[in-house]
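Working notes, beginning with the structure itself.
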Amino acid sequence: MRFLFLMITLTALTGYILADEQPTFRWAVVHDPSIIKVGNMYYVFGTHLQVAKSKDLMHWEQINTSAHDKNPIIPNINEELKETLSWARTRNDIWAPQVIQLSDGRYYMYYCASTFGSPRSAIGIAVSDDIEGPYKHYAVIVKSGQVYSVDGPSEDGTPYDSRKHPNALDPGVFYDKEGNLWMVYGSWFGGIYILKLDPNTGLPLPGQGYGKRLVGGNHSSMEGPYILYSPDTDYYYLFLSFGGLDYRGGYNIRVARSKNPNGPYYDPEGKSMENCMGSKTVISNYGAKLVGNFILSESNTIDFKAFGYVSPGHNSAYYDPETGKYFIFFHTRFPGRGETYQLRVHQLFLNEDGWFVMAPFPYGGETVSKLPNEEIVGEYQFINHGKEITDKIKQPVRIKLNSDGSITGAVEGRWERKEHYITLKIIEGNTTVIYKGVLLKQWHYSEKKWVTVFTALSNQGVSVWGIRVEE
């Protein structure tokens, strides 16, 4: 009993004593992962019909790897999804599926197919009684890329215009707090749109055309929308990926928020995302950038053992009502490894201003709690993710959080903490920029030990991370 009391006390003090004190990981290969939890099992569905499952978010079992005709998720896929695939002029492939359970207890897979690099795309639905399939064709609900002389008008009754009409890709289906069903979707071309769905049938309510534009247009470089409601803040959070998805494309994850599921959405500076369209330079000024390219190495050459990501993006997110934790699921490439990619899962936290910040390392079972000052004061690797869309890989600089509240080293300023929250006041040129975030212990993915980290966000939508250099 004394030992149990000691363990509980230590857990309360440190927040990192876990059932598995040295977490291990087994990752799956899933591009554009979307999350659904069924019972005690998490499932992710991704492009090429890559599917995996896990009970702890750390050890993933690959269920399926490709959309061949003998796959168990959608057997005989070319015939089963013939209507969608024939419109998109493709075979043996679907992109960015998401599965949601409707009131009839069945599982509805919203998926898309496309002629690569063009807006000739369609979003369809397949349905199954079991989360792992087999799924059967149900409906095609949105088409894009119509050639007027051949296909007639677009979904809104006018000739299709790729500058203002959406590309029917990347469906993200969600319930709002009132139980209404919505689908956000879009990729490049005319921007990101949202449609209201019938919660009983899963089909779009009539008379909406393509729905309402939330962000983008004029071929702006953004895609992979996903909306998550937070009961803690009563906001809806719109996640997006800016940039190109390949290892040279500068893919990065951004977020904006709204009090309404169909917007308008605003970034931390209060800018409306409806105005976010244009070149990469223009759109990079919008949204809170949670993560982009980085490596925790200070070497001038690539250290293949160092922890880092390249083009992380196309995420989904999940709120666990039992634990109160938020998670983000995304694919990422890696420094020096070309187009190789895997699934990753990180924990999200709400800062004092109600904005999400992302933990630097993959989820290892940690729970945020108040840390003693002696585990905070010290030297850190410091990453500033900036706002730009770039293929450059951010590297850390060294800073110190001193016991007198000062920050010294490559950046200077002041820091203070309140419970598990941290505020950094960093001098940048002639101004002081305030970053608000959280402190916690995380399992250092490459060094295999628990370290103190912080993750924080400025009112300009810039994320910074600190990883304590443990002796």
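Glycine is treated like the rest: Cβ placed from N, Cα and C.
On a predicted model such as this, the values are computed, not experimentally measured, just so you know.
Site annotation for substrate in Swiss-Prot covers Gly117, Asn167, Ala168, Leu169, Asp170, Ser187, Trp188, Phe189, His219, Ser220, Ser221, Met222, Glu223, and the matching candidate from Asp32, Asp303, Asp320 is Asp32. Among the recorded positions Asp32, Ser187, Ser220, Met222, His314, the ones whose Cα sits within 10 Å of the Cα of Asp170 (site 'Important for catalytic activity') are Asp32, Ser187, His314, in sequence order. Other Cβ atoms within 10 Å of the Cβ of His314 (Ca(2+) binding site), summed over all protein chains shown, number 29. Spatially, by CA atoms, the binding-site residues Asn167, Leu169, Ser187, Phe189 include one closest to Glu223 (active site, proton donor), and that is Ser187. All protein chains considered, the CB of Ser220 (substrate binding site) has 24 other CB atoms within 10 Å. Farthest C-alpha pair in the substrate-binding residues Asp32, Gly117, Asn167, Ala168, Leu169, Asp170, Ser187, Trp188, Phe189, His219, Ser220, Ser221, Met222, Glu223: 20 Å apart.
Put simply, His314 is the one of the binding-site residues Asn167, Ser220, Met222, His314 whose Cα lies nearest to the Cα of Asp32 (active site, proton acceptor).
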